[in-house]
Amino acid sequence: MKNKRKSIFISITQFVLLAAILVPAVTLLLWIFTERWTWPDLAPQVFSKRAIFEIAGRKKELLQILWSSILISTVVAVLSAVIGIMTARAILLYRFPGKQVVYFFTILPFMVPATVFAMGIQITFIKMGLNNRITGVIIAHLICSLPYAIRLIMDGTAAVGSRLEEQARVLGASPFKAFYKTSLPMLMPVILSAVSMSYIVSFSQYFLTLMIGGGNVKTFTILMVPYLQSGNRNIACIYSTLFLGVTLLVFGVFEWAAGRFMKHGGGEFYTSE
Amino acid sequence: MKKRISAALLAVAIAFSMTACGNNERPKEENKTASVTEEMSFETMKEEAKGTTVTFYGWGGDEKLNEWLDNTFAPAMKETYDITMERVPMDIDQVLSQLSGEIQAGEKNGSIDMIWINGENFRSAKENNMLYGPFVDKLPNFQDYVDAKSKDVTLDFAYPIEGFEAPYGKAQIVMIADTAVTPDMPKSAEDFKEFVRKYPGKVTYPALPDFTGSAFVRNIIYEICGYEQFLDMKGDKETVKAAVEPAMAYLRELNPYLWNEGKTFPDSSTTLDNMFSDGEVVLNMTYDAYGTAVKIADGAYTQTTQSFQFEKGTIGNTNFMAIAANSGNKAGAMVAINEMLSPEIQADRYDTLKVIPVLDNSKLSKEQKASFDGVDLGKGTIPQEELLSKRLPEMPAELVPIIEEIWTEEVAGK
C-alpha cells in the first residue's frame, strides 16, 4: 500500500517535471506560426508564415553564420577542455610556488561582470590588433568559458587522482601514453560536461562578441538577439528553436565522439564490450 | 620539471599559432580613404568608394526594415556605385561604446561607417567628437531635395545638428486602439483620464526610460503644461521639476486605474505591443506612425484597429544617419547616405516600410511627387497631412533624462 502511494507520488512528480519541459517547448513551436493569440482563446486566432519566410529568405546567409558560429564555439570548447585539463592537473597534482594565486586567477572571470570586462578588453584587443577578428572573439570567449571548464575538470581530476597513471609509468608507459590510457578515459565524463558548458557559454555570448567582433564577426546569437529584444515573437521563436536544435545536434556529436574515443581510442579497457 | 617546461612550451606554441592566424586575416581594403575626404568633390568620392564596403550600424529588430536594407537598398548600391553595404544589427548604446573604445584605442581605420542615430545619443556622440562632419552640404541630394532650413533637419531634440547628421526618416507618436473594443478614442489629457477610468486595469504605458514611454510622458507634459516653455529650458533638475509638477500629479492620479494599479509598468514598448495584440491592454502607442497598417496586414492587429492623436498634437522627431569620426570609408558612407536621400529610395521606403519621408515636397518634380502620393498607407492610419499638421517639436535632448529621473522618483509605484 505504502509502495503504491510512493509510486503514484513519483509518477506525478515525473509528469509535472515532464510538463515543465514540454509545455514551453510546444508553446515555442506553436508561436512560430502564430500572429495573434488573444486571451481567453485556447487556440491562436491568426496564423502566419512570416517567420518561415524570414528564415527561408536568409537561408544562405543563415547557414554560413550557423556554420561559423559552430566552428568558433567548438574551437573554444576544445581549447577550454585542453587548457582546463592542463590547469587542473597543474593545480592538483604538482607543487609549485604561487599555486593558490594561480587557482584564484582561474576563477577571477566569474567575479568581473561580463559587460565591464568586454569594454576593457575591447581597447586592449584593438591595440593588439585582435579586434574584429575571429581569433580575438575566440580568445575573449575562452576567457569566459575557462573558469567553468577548469572547475569541472578539477573535480574530476581530484577524484581520479594520479595513482593509476603512476602505475602505468612503473609498468613502462611513456608519460603521454600513461595519461591517454588511464586518466583521460576516466576523466571523459567531466571533459564532456566541460566541453558542452564551454560550447554553450561561447555560443550564447552576445555583448562580448559584438564588442570584440565589432560586427565583422557575425555569430548566430548576434543575428538572433535583436529579434528577441524587439518582441517580434514568431521570429524570436523560430530563431530560438533553431538555436536549441543546433545546440542539441552539436552536443549529440560531442557525445558520439566521446563514445568513439572510449571504444576505439584510449578507453578500450573501460568499455564492457 | 621536464613536464612543466613542455607544458609551458605548448602554451607558448598555442599563443603563437593564434596570433599567427590573426595576422593572416587582415581586412582587405585598408587605408583606402585618407583624411582628404574634406576636399573631395562628390564625383571623386564616388570614384574613391568604388569596390569598397560600407558598414551601417543600427537597431536590427525590425525584420521588414532588415529585409529592405538587404534586398532593396544593398543591391541598388552595388549596381549603381559598386559599393557593398553591410548591415550590422546593434543597439545604439553598444554602437557608441564600441565606437568610443575604438577611438580611445586610437584606431584610425574604424569598423563603423554609418550609424542610425538621434536625440540624446547624437548629442553625447557629437560632444565627445565621435562623429564626422559637417558633411551634409556635400551631398547633392541633400541640397536638391531636403529643406535645409526646416526645424526637422536643423535640430535634433532641439540640439543643433550643424551638418553632422542627414535625415533618414520621420517618426511621430500615435496611439492605437481597437474601435471594436473601445469606440471612444481620447482626444486630450482630460479624455484620457476618463478613458483610463472606464477601462480600469486595461491601460498602461512603457516604463521610462523606454523611448516610447518617455515620449508619451513628454506628450502628457505638453498637454498639461504646454510645450513652448520647454523649448529653451535649461537642463536643471529643480527648474524642470517645478515646470512638470502638474503633469506628474496628473500621472499619479492615473496610477490606481492603470494595469497592475500602476505599481509596475511594462519594461518596453515592445512588451506593450505584445500585450496590446494579446488583448491584455486596450491601448497601445508607437513612434512608428504608419506601423499600424503593417501590423493589420500581418494579422497581428484586428481589422478594426485605428491609430489616433491628441487634438493638440503629438511629438514627432526625425531619425538620422551619421558617420563615425574614425570611419575607414567616409567617402563610401557619404555616397550611401546621399543615395538614401534620393526621391526613388525615399518613395520606396514610404511604400514598403511606411516610413514618413524626409524630403521637401515643394522641391520634388511632378513625377516624383506622384510616386509619393500614389502610396497606399493601408488601414488604420492617419493621413499624412493631418498627422504632420499636429506635429509637436521634441524637447531639448538634455531635458529628456531629467524627466525620466523625475518620473521614476515621483510617479512609478506612487
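A Cβ is built for glycine as well, from the same backbone N, Cα and C atoms used for every other residue.
Positions annotated as domain 'ABC transmembrane type-1' by TrEMBL: A:66-254. The transmembrane segment annotation in TrEMBL covers A:12-33, A:65-94, A:101-126, A:138-161, A:182-201, A:207-228, A:235-254.
The transmembrane segment (A:138-161) makes contact with the transmembrane segment (A:65-94), as judged by at least three Cβ pairs under 8 Å among residues 6 or more apart in sequence. Touching of the transmembrane segment (A:12-33) and the transmembrane segment (A:101-126) is ruled out by the presence of fewer than three CB pairs under 8 A, sequence neighbours closer than 6 excluded. Non-local neighbours of the transmembrane segment (A:235-254) in the same chain are 28-29, 31-32, 50-52, 54-55, 66, 70, 73-74, 77, 192, 195-196, 199-200, 203, 220-221, 223-224, 227-228; each lies 6+ residues outside the stretch with a CB under 8 Å from one of its CB atoms.
Counting residues 6+ beyond its ends, the transmembrane segment (A:182-201) has Cβ neighbours under 8 Å at 73-74, 76-78, 80-81, 84-85, 141, 144-146, 148-149, 152-153, 155-157, 160, 162, 164-165, 167-168, 247, 250-251, 254-255, 258, 261-262, 266-267, 269-270 in the same chain.
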